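So the structure is just underneath, and the comments pick up after that.
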Amino acid sequence: MKQLEERIKKDGRVLGDDILKVDAFLNHQIDPDLLLAIGAAFAQQFQDERIDKILTVESSGIAPAVFAGLALHVPVVFARKNKSLTLPDGVWTADVYSYTKQTTNHVMIDQRFLGAGERVLIIDDFLANGQAVVGLLDIIDQAQAVAVGAGIVIEKSFQKGRQLLDARGLPVVSLARIKAFRDGQVEFES
Ligand code: 5GP
């Protein structure tokens with residue numbers, strides 16, 4: 001998506017070897033016009049699929065997920081990070097290792113909001129090592145729902161996530177695919 005690539009070039013900041021900060025338009029300050037276009041792009045890419053629901057993980061997945069939900073006219077459910085030591089009843093759960101924060105989050109979804117046979121599109125802001133998407137796939141399995149695919153705003157193709165999801169046979173659509181960071185600059189896949 002050209003508009004997104006241009007915005008990453010203009011406002012993205014490369015941190016260290018493999019982190020891209022996009023807090024000027026996606027992760028802290030949010031540009032609703034860009035997000036509207038992102039939601040429409042996901043809807044167009046998955047237009048041939050029947051989708052009942054969108055799943056994401058709080059908090060950075062929520063904005064793109066809501067705009068995709070708006071374009072597809074389906075509800076959006078975000079997995080919550082469980083901060084208490086005890087687990088509430090009636091939830092599906094998964095452990096998600098966060099590469100950026102180097103911690104494991106226990107994420108959960110209330111069983112009222114995901115059920116057997118529902119066709120689910122996963123949306124997230126970044127695909128790095130794939131742990132967030134794999135955690136959601138785990139929850140989708142527990143619920144006996146069906147994963148239709150994953151829509152990713154920014155994929156870092158040099159990390160393991162894309163390969164992992166390809167190997168699982170999950171259709172993945174990424175709106176920007178980053179090949180490498182070189183001297184603090186972003187190089188996109190052609
Ligand atoms: P994964 O589970 O694929 O390893 O990482 C995905 C999650 O980590 C995303 O939901 C995102 O919040 C965070 N993340 C991974 N890499 C980056 C990055 O380069 N920049 C930002 N802002 N977040 C990232």
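Here the Cβ of each residue, glycine as well, is placed from N, Cα and C on the backbone.
All TrEMBL annotations are machine predictions without curation.
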Looking at xanthine binding as recorded in TrEMBL, which candidate out of LYS156, LYS160, LYS179 goes with LEU20, ASN27? LYS156
Which chain-mates of ALA128 (5-phospho-alpha-D-ribose 1-diphosphate binding site) that are at least 6 residues away have a CB under 8 A from its CB, listed by sequence? ASP18, TYR99, THR100, LYS156, GLN159, LYS160, GLY161
For the binding-site residues listed here (LEU20, ALA132), tell me which residue's CB has the most neighbouring CB atoms inside 10 Å. ALA132
Just counting, how many other CB atoms are there within 10 A of the CB of LYS156 (xanthine binding site)? 25
Not counting LEU20, ASN27, LYS156, residues with a CB within 8 A of the CB centroid of the xanthine site are GLY12, ILE19, LYS21, VAL22, ASP125, PHE126, ALA128, ILE154
